Amino acid sequence: MSTKDHLIIFDTTLRDGEQSPGASMTRDEKVRIAKALEKLKVDVIEAGFPIASPGDFEGVKAVAAVIKDSRVCGLARAMDKDIDRAGEALAGARAGRIHTFIATSPIHMEKKLGMSPDQVLEQAVHAVKRALRYTDDVEFSPEDAGRSEIDFLCRILEAVIDAGARTVNIPDTVGYNIPDQFGSLIRTLKERVVNADKAIFSVHCHNDLGLATANSLAAVRNGARQVECTINGLGERAGNAALEEIVMAVRTRQDLFDCDVGLDTTHIVPCSRLVSSITGFPVQPNKAVVGANAFAHEAGIHQDGVLKNRETYEIMRAEDVGWNANRMVLGKHSGRNALRSRLLELGVVLSSEEELNAAFSRFKDLADKKHDIYDEDLQALVSDANLDAAKERVKLVSLRVCSETGETPSADLVLMVDGAERPGTATGGGPVDATFRAIESIVASATVLKLYSVNAITSGTDAQGEVTVRLEKGGRIVNGQGADTDIVIASAKAYLNAVNKILQPLARAHPQIGDV
Ligand code: KIV
Ligand code: ZN
């Protein structure tokens, strides 16, 4: 039995990660990711900001209803209406936490809140007490702690711990801190706050200077016992500390840490893929732990070393983080039950026989084009918006592209728009460009294309291409995904998926900017 402390892993992919422009998720997508996080055995899942919109409320409620082994958390500003809404969303949770926050840096208090430090302190204490009406597990964050005055931080932390906060989280909201300085901030707070022993100290680092992981680890070495992080480092601007990096650093360097994590790390890579495919944020190949090259050895000298003894160049085992995990392969002859049970294992619950029928028919179409169907293909099958197709206003009926040496590429397509078939045609610099122009000739979305990327989901020339399209309109950003063995069709699906999102009205608040 280890005598080490337990390091709590608090995942905020579904809240801070989702605040990343274009990364918004539906309720069902949140539930799928939450189930994957539960399998990974994260301690706390921050599922959203319930007051932001009815959709956010439903997302937190749905996660709270299905997750049994992790604690489910909802974010609330230090305001009664936020806290009550969070309490309501978490009512069905087996173990729920309310995370309430208010800014404490001089610039935030003066310019954003227009409040004095005493008023901020009073509101923080009031918020913690109100949250205790709903759960005994209350976390408090002094937002922008990384730029706050230490005396005031000590004062407010002592007051909220006295009021009943069990966890006090120190956010480096704007990613301004540097590892040794952030580590000593945590140490100083733990030494100076007189009732520090009554609460867990947590950290929440943003990556604006590329230091989120380093700052979090420095904090752990100085007494933090909870780290807030996201899968793939997803998050606003440069993102949050990456869960996979924190967890594997602590695991790999047990000689340096006096605490350990309780995660089943073999689920890290599948979880990373799921988040990437749902949000459309690709993982760069050289990303630590989960990048495609993280365990690939190109240079001959490295390969030779690894073949003789893997530890010459590998500090972690690929299989320990879920690379090459056994992936059940389905094919042409697999039946509906095999599909249903594999999807269930992947956390996908089809809510009706019609949904299963639709998924099965697309599975059969795919199996006609592709011999082996992997988990990644199934993820794409259910996340490329196909399952939601019935609800979409604009759908692809047919597409024909012509691309020939020396000729201008052209696309002819038919879309179904609000139930009526509409033909469109266009030429372009390439078949994808022509297809997007043909779609625009019908929908006239007035959006700007911000990103177009193609990823092969599995290996082989029959692999499905997974396309991400990012569109912007009036400052609002959406991502669309599409997957198909034909990448022009995948591109059309992705573009339409994004257009359909832009067509939906958005009434949603950001927790750290503006009002609800
Ligand atoms: O970055 C931040 O300060 C936050 C708080 C809401 C904890 O996300
Ligand atoms: Zn944050």
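Any Cβ shown, glycine's included, is placed from N, Cα and C.
Note that the structure is predicted; figures quoted are calculated from it, not measured.
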Further Mn(2+) ligand in TrEMBL, beside His204, His206, Asn240, within candidate set Asp16, Asp28, Asp418: Asp16
Site of maximum Cβ density within 10 Å, from binding-site residues His204, His206: His204
For Asp16 (Mn(2+) binding site), the three-state class that DSSP assigns: helix
Segment confidence, the region 'Regulatory domain' (395-516), expressed as mean pLDDT: 90
Asp16, Asn240 as binding-site residues, winner by CB count within 10 A: Asn240
Residues in the region 'Regulatory domain' (395-516) grouped by DSSP into helix, strand and remaining coil: 30 helix, 51 strand, 41 coil
Neighbours of Asp16, His204, His206, Asn240 excl. site residues, C-beta within 8 Å of centre, Mn(2+): Thr12, Pro171, Thr173, Cys205, Asn207, Ala212, Glu228, Cys229, Thr230, Gly235, Glu236, Gly239, Ala241
